[in-house]
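*Asks:* Below is one structure. I have some questions about it.
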Ligand SMILES: [Zn+2]
């Protein structure tokens, strides 16, 4: 599932190839995905000039000169396909929405599991849209600090991992980057969120920024490889430190011998990965079940 860095990479790819272009032809191949497509979607896009992109949490906003923005969420398996003029691919049966710009650039939204979302709203109302209004701060923005994180988790009795995945605490973090940030900060994922002290919260804020910035940089390199696009945006190779590495050597412990390797546990039905040496439970620290 794409999280903030993957969404940021898709957004930058769209900006690179679509910003300033005018949408010529729109093809809507089904009623919708997770939710129905907005009424008259094709009519509202056709003829519009694209005048900028933004990202909020895991949502992409494509702003149009009609005064509307198209919101895009990639769900579990969504990808964006961009093709240069004259290189439009054979239609994919999972391409639910596509458009071509007047210069022939092709945009396709491909989502086999159809958990993604597309919506339209007045650009002026982006901040109050039902999917965006309750999002927490952007983790890479100035508004995200130890004080801000403290305020969001001070009364939470869930695990700190579950709290990080709550989009109202901080926007854009999912299962992968929650594990990676907690590893980086040296905090056990089952710690109760309200039990963290101020230095731990400060460490976590720094760790979240670091893992996201590194992943965005990796996405940037994949974007450079994408300079002749006839491929898909949305996922890129990234070396996780603990995510998906159960039983393998932990990069923080030489040879993985010291800690015995990365451990996988389940929290609220999702996998969490951590290092049992770097991320210990302090004596007496409250633990959360989910
Ligand atoms: Zn380790």
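For all residues, glycine too, the Cβ spot is worked out from N, Cα and C.
Annotations in TrEMBL come from automatic prediction, not curation.
TrEMBL lists 2 with the feature active site, schiff-base intermediate with DNA. As annotated by TrEMBL, active site, proton donor applies to 3, 58, 270. Here TrEMBL flags 94, 113, 156 as DNA binding site. Annotation source TrEMBL lists domain 'Formamidopyrimidine-DNA glycosylase catalytic' at 2-116. According to TrEMBL, the domain 'FPG-type' annotation covers 241-280.
Context for these features, please: burial, neighbours, distances.
*Replies:* Taken residue by residue with DSSP, residue 2 (active site, schiff-base intermediate with DNA) is part of neither helix nor strand, so it is coil.
DSSP classifies residue 58 (active site, proton donor) as coil under the three-state reduction. Around residue 58 (active site, proton donor), taking its Cβ as the centre, 23 other Cβ atoms fall within 10 Å, counting all chains.
Residue 270 (active site, proton donor): 15 other CB atoms within 10 A of its CB, across all protein chains. Following the DSSP three-state reduction, the secondary structure of residue 270 (active site, proton donor) is strand.
Using a 10 Å Cβ-Cβ cutoff, residue 156 (DNA binding site) registers 18 neighbours.
Taken through DSSP, the domain 'FPG-type' (241-280) splits into 3 helix, 12 strand, 25 coil.
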*Asks:* Through the lens of DSSP with three states only, how would you label residue 94 (DNA binding site)?
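*Replies:* Residue 94 (DNA binding site) sits in coil per DSSP, no helix or strand.
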*Asks:* Given the recorded positions 58, 94, 113, 156, 270, state which is nearest to residue 2 (active site, schiff-base intermediate with DNA) when distance is taken between Cα atoms.
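*Replies:* Comparing Cα positions, the closest of these recorded positions turns out to be 58.
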*Asks:* Using Cα coordinates, what distance in whole Å links residue 270 (active site, proton donor) and residue 3 (active site, proton donor)?
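*Replies:* Roughly 15 Å, rounded to the nearest whole number.
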*Asks:* Let me spell it out: take the domain 'FPG-type' (241-280), skip the flanking residues so only those 6+ beyond its ends count, and list any with a Cβ under 8 Å from a Cβ in it.
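*Replies:* Sequence-remote neighbours of the domain 'FPG-type' (241-280) are 159, 161-162, 165, 175-176, 178-180, 182-184, 186-190, 290.
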*Asks:* Considering the binding-site residues 94, 113, which residue's Cβ sits among the greatest number of other Cβ atoms within 10 Å?
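*Replies:* Of the binding-site residues 94, 113, the highest Cβ count within 10 Å belongs to 94.
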*Asks:* If one measures from the C-alpha of residue 113 (DNA binding site) to the C-alpha of residue 3 (active site, proton donor), what distance in angstrom results, rounded to a whole number?
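*Replies:* Checking the Cα atoms of residue 113 (DNA binding site) and residue 3 (active site, proton donor) gives a distance of 17 Å.
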